[in-house]
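Going by TrEMBL, these are the annotated features:
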BINDING   39, 92, 153, 225  (6S)-NADPHX binding site
COMPBIAS  334-349  compositional bias 'Acidic residues'
DOMAIN    4-264  domain 'YjeF C-terminal'
REGION    320-349  region 'Disordered'
């Protein structure tokens, strides 16, 4: 099924007076190598930007120094046996035991130890990049595999299928991504995030989510490392919920993909598909109800505030794509009325050009994207009621707009 804003309800918890850094979720990362230190910097920075209370990191000296300078809140120690809700492992590894330094090889051994004891430690894991092949061929117990989310792209899926000895046609993964993701999930007993323009998430129990199409500017080195960090933080934030309902792991993973896609759309100024998706919950009009919220002054004010929220966060209002004069993007000319190309026939994502994503800008946008998604969904009227700003407790109304639980910093630049 397509994931909707309603699936995200409750997955972005704000801290309460009773919370501590531990109850808000602890993320541990073993990412980045001497050859690819940037993967460690990107994944750990993303995890630290997505609301987890405590982030621990183990990586090469270059990555540790960069994180110390830019995220001094990250603790530069992550190893088996520590109190960790969600691990992120493998980003930046060419293979767990194909690295150049003894330190990196020792960290690869730590990854195997961690994945072998997830259930005993009440932990979950995001398995990325160089850890994927080791995960596929290692003899992990099913109870530990069930706590893992693997994040392969197209090429990695093909390699995993080859390692597993499956005789699927070479074109099969590309032409049937949904079936391939589900096949791998059930074969490996884990949750699979098959990355692409429309990422597919499959659980071993048969749960399927297709995520909204992301900006194609995400096709850049390092974007998967950022996603892995986001996913680790999202799992840690929801760790208590997942202990009770482990079947929600695929839903939380899909929510992380939505955060990644929305933040990317914001910083690339190519947000068309995500804009449509964000507004999809507004199509339920409840016309038969005499108390229809569209006729309510209170809810009209709510809609106005939501529009203001998106404007202040730098999310442009996208014109109807059937409008022949719709702009093609920043600095481009309008489609002339005599154009042979009908705007309504154009595929999603072609009405705005956007621009290259700088991944550190994407990471800076993550808190904004999470904030927007937190207040999107069925319960948005209960949490953003302009008549009840105190609903937010310590965050209520501090932005000068009743009902907005934050201080505005202006649009992203």
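The backbone N, Cα and C atoms fix where each Cβ goes, and this holds for glycine too.
Caution: TrEMBL annotation is automatic and unverified by curators.
On a predicted model such as this, the values are computed, not experimentally measured, just so you know.
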Maximal Cα-Cα distance (Å) across residues annotated as binding (6S)-NADPHX, namely 39, 92, 153, 225: 16
Near-site residues: (6S)-NADPHX, ref 39, 92, 153, 225, CB cutoff 8 A to centroid: 31, 36, 42, 43, 90, 91, 128, 129, 222, 224, 228
Stretch-averaged pLDDT - the domain 'YjeF C-terminal' (4-264): 93
Count of other CB atoms lying within 10 Å of the CB belonging to residue 225 ((6S)-NADPHX binding site): 29
Other CB atoms, at most 10 A from the CB of residue 92 ((6S)-NADPHX binding site): 29
